[in-house]
Amino acid sequence: MNEMSKSEITDKKKRYAAGVLKYAQMGYWDGDYQPKDTDILALFRITPQDGVDPIEAAAAVAGESSTATWTVVWTDRLTACDQYRAKAYKVEPVPGQEGQYFCYVAYDLILFEEGSIANVTASIIGNVFSFKPLLAARLEDMRFPVAYMKTFAGPPTGIVVERERLDKFGRPLLGATTKPKLGLSGKNYGRVVYEGLKGGLDFMKDDENINSQPFMHWRDRFLYCMEAVNKATAVTGEVKGHYLNITAGTMEEMYRRAELAKELGSVIVMVDLIVGWTAIQSISNWCRQNDMILHMHRAGHGTYTRQKNHGISFRVIAKWLRMAGVDHLHCGTAVGKLEGDPLTVQGYYNTCREMVNEVDLPRGIFFEQDWGNLKKVMPVASGGIHAGQMHQLLDLFGDDVVLQFGGGTIGHPMGIQAGATANRVALEAMVLARNEGVDLKTEGPEVLRRAAKWCKPLEAALDVWGNITFNYTSTDTSDFVPTASVS
């Protein structure tokens, strides 16, 4: 669909006498354009209104996300407008989705402020999603040049250093979210944390909406949680942690909470995605300066990532967060209660953990991405998972992942500590079997049953949750046509 390779009106007399021109005529469409290594590339899924030409719609996306407005302006002549215009350079029908098109847009690097995700988002998604000629639009993927990557500090700790600090290697890390999310007193909250850590978990965590409410002030929570962490560390001889949620109404308050977490000896703090890009980059800098691991809860993402025809793919959010600088990121489970096609979720994990992402259409990765020297992010699998799924989780995601069993720990019929022990034994059994060459995909359930014979907590977990699944159709799957290079 690129037959309209060049439609720009370059004659200045005609151009500036025209008043209103189509975006393609203003220079925002160039079907012959070859993207440069230094361009920022974006792939949009667009649904034009009836009667709107897809190429004109693509040009409008390029224009409205760079320099255009609805009419020709004389001040274009005061700029290097040919360089500053984004260029839509390819439009393709989305396979199996009538009326939807993939449009590829290239942006010159000079359009963006270095080291600022806020500026990237203001340009790429700031205006075009409300544009009337489009029924819907979704940002599917982006590619950033290495030159731009190097303007970001990235994760403050990274997977390698985190494992060194924890002295834990060769297996996924285990965690749990304290439940119920809201309503516990500080003392009871701390007791839950202690039981989980003593039972074998590496981390316990606050949930996204526990901040500083009347039933439990944040200081009380921090004090009781760190008392629990220190006691569990002493009892088990392992480094333990609790994700202390420092999310607050102002940056000043977030820093105040982070400082107390540091004074109390915490190795990790947590913020929610909803604090915003500037706050995320700011607290990441603080974590880097204070040798603190930064856990990111993706609270709110589903409002704009879940529907495949409008919004932003989570793989793009994951890229922005790696650049902004987080160490942990919730990326989905594929087998739990939250939205997640297995291949698509693996694409999110690869975005976090690989130093170079190759094109992988089944996993939704449309561009090769070289991450330069940015550290890797530890993905987190959380939401409706239990010990009976351990073989699936290990098979899907490998070792570099935090597996968080909230209800699958706190809801154990023998108690919280038993729930933690069940998860730890299930994990250790799976890792041992895998290292001995067992195919976890086919033999995993049998490995669990054998381990449960000498572990009552695991046996009880399998009895209660063994058949629990969340088999619903995923709303966000990759649309692509297999090519010779992608099977």
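For all residues, glycine too, the Cβ spot is worked out from N, Cα and C.
When HIS217, HIS242, HIS330 are compared with the substrate site residues ASN127, THR177, LYS181, ARG298, SER382 in Swiss-Prot, the one appearing in that site is HIS330. Taking the Cβ of LYS179 (active site, proton acceptor) as reference, residues of its chain lying under 8 Å away and at least six apart in sequence are, in sequence order, VAL192, ASP207, GLY406, GLY407, ILE410, GLY411. Closest in space to LYS205 (Mg(2+) binding site), of the recorded positions given as ASN127, HIS297, HIS330, is HIS297, taking the CA atom of each residue. Annotated Mg(2+) site LYS205, ASP207, GLU208; additional same-chain residues within 8 Å of its Cβ mean position, judged by their own Cβ, are THR177, THR178, LYS181, ASP206, ASN209, ILE210, TYR243, ASN245, MET270, HIS297. Residues listed for substrate, ASN127, THR177, LYS181, ARG298, HIS330, SER382, cover a largest CA to CA span of 37 Å. The Cβ of LYS181 has fewer other Cβ atoms within 10 Å than any other of the recorded positions LYS181, LYS205, HIS297. Cα separation, SER382 (substrate binding site) to HIS297 (active site, proton acceptor), rounded: 10 Å.
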